[in-house]
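As structure tokens, the structure follows; a few thoughts come after it.
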């Protein structure tokens, strides 16, 4: 063989001595290998489909922004179409319209809900010239000189804004655009949300602020996964705190939203605590940042709303009777001049009931229609000359009602003093006898009346024994004798042994719906305590000691109002024609009749397909989660699959939001209505769409569908057709129009 036919052997490429300093195929920025992706997914970190990181993880394309504009237009068309109809009061517009009137007139009132949503409605009314004179007295009363359309625009606008928030939230939770679009359609055509948005009601603002909180919280979680403690991280966290303050300032149901974010926060901190790469100092920084923004910021926002509430409602109004005497005397028209501290025979006094805050011991020139038919004695919550009584000596003969003027020295009221109380306006004595009270007709209670005439000193049924129960720590004499504002005492009837008593029972219209006063032989201590609020005696020198109520600061008023709101809310136990229990809500078994007039009707009812599908998604998630837990117990590694972990984290958060906004209602004994389910419904709809996102992606993986986009839009079309059920509910049937919007 010739040498020319031999091919020289090439050296290896690259040569063994070559050390490549740069990878041949360098990974992209932020690239994770399979093991790193699995570890990140176990912590809930889901990589984005796009390069770069938008604020809050909301990678929205220009086409999607255009789509959002179309969604807003569609939501506006549904919620604003003929919003002026009906032109009369609908359902709870009776209350919330009336509260706007009270705000504008600066007259104090008490409501079981915090003030933010009512303040927003009032702002619209004020801007459009409402003078507060329309009284919103009853359902179907025609509006006159009232910008009710502007007031309805507030919940309508917030209801419209909820639609893009839902879209963006699902996109931030790494769902597809089609899924977010489906959720938007569901919310646009959900009857109950539409109906609430079209009237002066609080549930549309509540759902809006709930959606806003979930939107901000999602943005914060995405920023936290990307890079904590940046300016954007702090921004999303602070906005979440402000939104939490807003939702709880609209309704106390917002506390359930706080619980949802709170449990999410605890999970984050627990995960960080188990991450050995996070030093304790950094963990503490995470803890304090969340405590600052998610606890302190909402609390400050909530209290600021009540400060605005107090600043506006500066004058006495219909809500005075709910508050303590100290609180009432901070209101315009209820302030009291300094009054004498000493009480003696001959003192002119006003006597206030301690416990029920029903007001002053009162009598007027009207008789009971039954019983003794003598003059009525009641509790009256307002300052009035019919609240004035004279203390006279019951042990003195002749004319004790005038003889006190001849005394050379004062006779103070001490424990065991036997007195009579003479009503100054009608010149009758406080009296009790063996007649049953007009309302509380039980054997252990006697009627209390005013009995006598001018010149008649009275009989032994007018005699009362003073029993001092306790005095004020600031007044040492108040334990030894009756002192104005300092002594709490009981009045025991001398003949029968019963105690002067009052409770939260109102007299009928013949008693002007004032609070009943009786003489109770088995009196509860708290309801038989009285105190003297003001006193005057002509024999007291001008420099005699005087007292007045303690001036309450903001925190005193704030905490007292919270207690009153809680007690009033818990007291709403009367049955209503259209109330319902939580067990009936997910299946939409009962609605609410909002308004009926001239053979037209507004009836609050949800879209059955949306409600039933959302409830099915909740049940389906629970069943699937339980199945995966059983598989994990048998050794299957489903929770090591990044896709399973992603959707389990996503659906678990939404399920937690649904449960926290639904199950607490089972613990409540007060009146409940279908609209209390709406915040939970919002989470259920998002969960339904998350399940849809999971199913369509699963179909693609196993080959059930040839095209991802085809499967998504097919299901979207079916769901949209179901949502159009709402449009079919309009129309005449048996001469009754169902106006779901």
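Just so you know, the numbers here start at 1 and follow the chain as drawn.
The backbone N, Cα and C atoms fix where each Cβ goes, and this holds for glycine too.
Here the domain 'MIR' (340-394) returns a mean pLDDT of 89 for the predicted model. TrEMBL lists 340-394 (among others) with the feature domain 'MIR'.
Marked as domain 'MIR' by TrEMBL: 410-469 (among others). Helix, strand and coil residue tallies for the domain 'MIR' (410-469), in that order: 3 helix, 26 strand, 31 coil [DSSP].
Annotation source TrEMBL lists domain 'MIR' at 480-535 (among others).
If you look up TrEMBL, you'll see 1-31 marked as region 'Disordered'.
The transmembrane segment annotation in TrEMBL covers 116-137 (among others). Sequence-distant contacts of the transmembrane segment (116-137), counting only residues of its own chain at least 6 positions beyond either end whose CB sits under 8 Å from a CB of the stretch, comprise 89, 93-105, 143-147, 150-151, 153-155, 200, 202, 205-206, 246, 249-251, 305, 308-309.
If you look up TrEMBL, you'll see 149-170 (among others) marked as transmembrane segment.
Sequence-distant contacts of the transmembrane segment (200-220) (same chain, at least 6 residues past either end, Cβ-Cβ under 8 Å): 55-58, 90-93, 96-97, 100, 113, 116-118, 120-121, 148, 151-152, 154-156, 158-159, 161-162, 165-166, 168-169, 172-173, 193, 233, 236-237, 239-240, 243-244, 246-247, 250-251, 253-254, 257, 260-261, 264, 657, 661, 675, 678-679, 682, 686. For 200-220 (among others), the entry in TrEMBL reads transmembrane segment.
Taken from TrEMBL, the feature transmembrane segment covers 240-266 (among others).
The annotation transmembrane segment is assigned in TrEMBL to 287-306 (among others).
Annotation comment: TrEMBL describes 609-630 (among others) as transmembrane segment.
Packing against the transmembrane segment (650-668) from elsewhere in the chain are residues 173-175, 210, 214, 253, 256-257, 259-260, 263-264, 582-583, 585-586, 618, 621-622, 625, 676-677, 679-680, 683-684, 686-687, 690-691, 694: each is 6 or more residues past its ends and has a CB under 8 Å from a CB in it. Residues or ranges marked as transmembrane segment in TrEMBL: 650-668 (among others).
Summarising the annotation, TrEMBL assigns transmembrane segment to 680-704 (among others).
Away from its own ends, the transmembrane segment (609-630) comes close to residues 186, 189-190, 586-588, 638-639, 644, 648, 651-652, 655, 658, 681, 684-685, 687-688, 690-691, 719, 722-723, 725 of its chain (Cβ-Cβ under 8 Å, at least six residues beyond either end). When DSSP labels each residue, the domain 'MIR' (340-394) comes out as 3 helix, 29 strand, 23 coil, counted as helix, strand and coil in that order.
When DSSP labels each residue, the domain 'MIR' (480-535) comes out as 7 helix, 27 strand, 22 coil, counted as helix, strand and coil in that order. Here the transmembrane segment (287-306) has long-range neighbours at 114-116, 119, 229, 234, 237-238, 240-242, 244-246, 248-249, 258, 261-262, 265, 268-269, 558, 561, meaning same-chain residues at least 6 beyond its ends whose C-beta is under 8 angstroms from one of its own. Within its own chain, the transmembrane segment (149-170) is flanked in space by residues 58, 60, 68, 71-72, 75-76, 79-80, 83-84, 97, 100, 120-121, 123-125, 127-128, 130, 179-181, 183-184, 187-188, 193-194, 196-205, 207-208, 211-212, 214-215, 218, 682, 685-686, 689-690, 693, which lie at least six positions past its ends and keep a Cβ under 8 Å from the stretch.
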